[in-house]
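Asker: Look at TrEMBL and you will find 391 tagged as active site, proton donor. Positions annotated as active site, proton acceptor by TrEMBL: 585. If you look up TrEMBL, you'll see 1-10, 42-58 marked as compositional bias 'Basic and acidic residues'. Residues annotated as domain 'BES1/BZR1 plant transcription factor N-terminal' in TrEMBL: 44-194. Residues or ranges marked as region 'Disordered' in TrEMBL: 1-65.
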């Protein structure tokens, strides 16, 4: 029998079945197109994607609600919640407030009952005061949730000296008085007459307490801008002496002096004229007062002496006539000439120098001119201007462009240098079509809910929105890092101060639109201040926070959804968490007791377990107001004593 070759054709009747076909791999798989899924499967995938988006939206809404609840408990309930609190922290804080003991492992049990304090003698017989350890605490918390000042809701209250005067859990509220009486905020006219009859009761209650042996907080008062003219000459030395003599009688620690770039280096690059400031510092030295210097690299809309507008140096304006892109620019192409764009920080467009080099040369000239005064201790701190109005922010809300409160402002990133940077960032990310500013962010006076970018669920939280806002805020942080790196080098160990703005309108919305346009990426689902504070901590900076008065509190029908107290709470606690020293500057005149009380409560939070307090307080009020001795002179004097830890009497004797 003939033998068949192993590779020859086999008999079909006796050959084994062929092996099952396998899915091609590698390049072979690419050449074989996959069969399209059936229509039912495609519909199921689309429905799952929609459900994922709905779930994300619900999660964002839940986080926003949780964030507002935590902020309200921290602010109005004075609960010591950590920055990243969860529901366990909230339950533990509520249980402790109700008298329960909560261990770190979660073990919870009712503490032994504490004897309740009797009501004050003057209140007995009229009505029964209710302790905050009773269920009325919940109603009290709800009644104050809108942030209305305590004195506008109760006619009589008593504070616990061991706690902060304005915290809710330090107040014993008379329920009957809340229902029957109320006090409105005092007007400026009444405040100019010092204390009216309607304020006497409130003053004795709000200011009750002993401030002796509390931390010593230095108090500084600002000198007016007009004392130095555009030729850097001291205008009226005798008027300055009279002003300093009055401030010295108030026992303030020092004064705040603005040194304007547009005056010192006004005419020629790198030619600095300090004569007027040298004379001024000599007079201040006579009165043994400290000086905080503000290096102002911006222009001012206010007028100095002789009606002279303080603008940027003339040689900078000449450069701008040929290259207007050195200024911040909005979407319509309008230039803001208040300060230089951060896009030229590394561009040699200022007569051969970059923006950072111009700032460094100015700071080095100041240090060389007044080094002896710094060594003597006359100059206690140097504040470096980093943006519009000397604050760390974009000029997103310029009044000369038509902005009015509470407009959300506009992004300021449309000069060619910022656009070049944005294009490079988008290219690095791999999405060149993202190299643009948002086209649905509204205008200066828009409301957040009127725009497609800032409304709830808007594009600010999309992939593109997150990319753009990260880039926009990143430019701000890079500017801070570069300027402060050279400032610490120029000033050689001197205390350096940076001022953070208070963009409090639209704070109670999800997007925080006004903060976003100003450069702080701080929506409800993100902490936008911690990255900035980490950079400030890197350079050992003192943070200055702007403080507002009682009229700038949360109102029930507030169309701007403003919350200055909530913003101040977030900023100060985030700064303390990062180990920064914090100071406060008053943005408005201190015209009544409420303002002084709020400042003291912010400066010395007596119920803070970490014993934080301010490093100093700056009274940013023009001195003609301070020179009027009949305008709450005694109240201001007592306030300074309280800040120094010297006052033992009530505000009103």
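Placement of Cβ uses the backbone N, Cα and C atoms for every residue, glycine included.
Heads up, TrEMBL stuff is auto-annotated, nobody curated it.
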Asker: For the compositional bias 'Basic and acidic residues' (42-58), could you work out the same-chain residues 6 or more beyond its ends whose Cβ comes under 8 Å from its Cβ atoms?
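Answerer: Hits for the compositional bias 'Basic and acidic residues' (42-58): 457.
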Asker: Suppose we draw a 10 Å sphere around the Cβ of residue 391 (active site, proton donor). How many other Cβ atoms does it contain, all chains included?
Answerer: 20
Asker: Just the number: how many Å between the Cα atoms of residue 391 (active site, proton donor) and residue 585 (active site, proton acceptor)?
Answerer: 12
Asker: Run through the Cβ atoms and count how many others sit within 10 Å of the one on residue 585 (active site, proton acceptor).
Answerer: 20
Asker: What does DSSP give as the helix, strand and coil breakdown of the compositional bias 'Basic and acidic residues' (42-58)?
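Answerer: DSSP classes over the compositional bias 'Basic and acidic residues' (42-58) add up to 17 helix, 0 strand, 0 coil.
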